[in-house]
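Lifted from TrEMBL, the feature list:
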type	residues	note
DOMAIN	10-220	domain 'Histidine kinase N-terminal 7TM region'
TRANSMEM	6-23	transmembrane segment
TRANSMEM	35-55	transmembrane segment
TRANSMEM	67-86	transmembrane segment
TRANSMEM	98-118	transmembrane segment
TRANSMEM	130-151	transmembrane segment
TRANSMEM	163-186	transmembrane segment
TRANSMEM	198-218	transmembrane segment
Amino acid sequence: MNTANVYNILVAIFLLSIGFYVKRAGKSREAQKQFFLLCTALATWMFFHGLRILLPEEFREIALNWTLIPILFVPRILHRIVNLMFDSSENLKELQLYHSIILVYLLSCAFFCNAISIRDTSKFTYMYNYSYHLINAYALLYISYSCYLMFRSIFRSKGDLRIRAFLFSSGSIIALIFTITCTWVLPYFGLYWASRSVFGFLPFALFWSIAILHYDAFEIREHILDGKKLPFLNRISSFLVLCLFRILDPNEYYMRLLISKANVVLNVTSKNHELAMRMDLEKLERAEMVAGIYQNRIK
């Protein structure tokens with residue numbers, strides 16, 4: 001087993017882990033469950049890449065074709081997540097029948113080994129059949145449409161929804177570029193680097209998991225300052241999300257920041273008044289008590 005096989009397996013394990021984590025973290029929403037299914041489909045594809053070298057040579061052409069099966073489910077799951085996150089009304093319901101027919105046809109092409117013909121079973125070099133181009137075109141067009149919906153939301157939405165759209169778009173574009181380049185373009189030049197496309201799914205998985213678990217940048221910030229329990233990914237990504245907020249929607253950011261600071265001032269003055277009414281303390285002593293209570297807020 002060479003290095004390429006090992007890192008395919010490792011990335012697959014990472015995807016399954018982060019998919020399971022997102023599914024269980026915070027409030028269980030449908031988007032989190034769909035993300036787990038997406039990670040499972042991608043991880044299955046990577047396990048095929050990583051473990052196919054262990055197969056006898058007579059089964060390797062079957063393995064190459066069957067590797068395409070989990071990928072065929074990715075565009076639909078991805079589009080489902082986009083609809084859930086951005087409440088898109090463009091569900092293309094009138095095209096669902098045609099989509100189902102196309103998907104069944106492409107799945108049958110992969111299952112009956114009509115997509116790829118192997119040239120060298122030891123090196124896994126291959127040549128395309130027309131079905132392979134159809135599979136890639138299907139995935140590219142479907143995912144590109146989902147990317148369009150995400151990219152459009154960057155300009156149509158504001159605040160937290162704009163941050164989500166940016167994270168979704170960035171992760172998708174990186175993964176799409178890696179995958180198309182490694183599986184479709186480079187083989188024309190004799191470089192069979194399909195297994196290396198998995199590296200594009202590392203930033204994809206991280207960006208998407210942050211976007212799915214994200215709900216309100218300033219509420220998360222408040223919870224961190226208060227020491228409340230939060231999903232680990234929300235906690236470590238809060239600074240990044242706030243930076244993106246400031247860049248992508250500065251007006252909303254500074255308005256929300258002002259409100260947050262005003263609430264801190266209100267809480268401090270209220271607590272100071274409460275202590276003044278309840279306890280006979282000097283001003284400095286009272287100020288020290290208030291500072292101790294709100295030490296995480298007044299840095």
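Here, residue 1 is simply the first one shown, and the rest follow in order.
Including glycine, each Cβ sits where the backbone N, Cα and C put it.
Just so you know, TrEMBL annotations are computer predictions that nobody has curated.
Note that this is a predicted model, so its numbers are computed, not measured.
Mean pLDDT for the domain 'Histidine kinase N-terminal 7TM region' (10-220) in the predicted structure: 86. With pairs at least 6 apart in sequence, the transmembrane segment (6-23) and the transmembrane segment (163-186) have fewer than 3 Cβ pairs within the 8 Å limit; the two do not touch. Pairs of Cβ atoms less than 8 Å apart link the transmembrane segment (6-23) most often to 35-55, out of 35-55, 67-86, 98-118, 130-151. Contact count against the transmembrane segment (130-151) (Cβ pairs under 8 Å) is highest for 67-86, out of 35-55, 67-86, 98-118.
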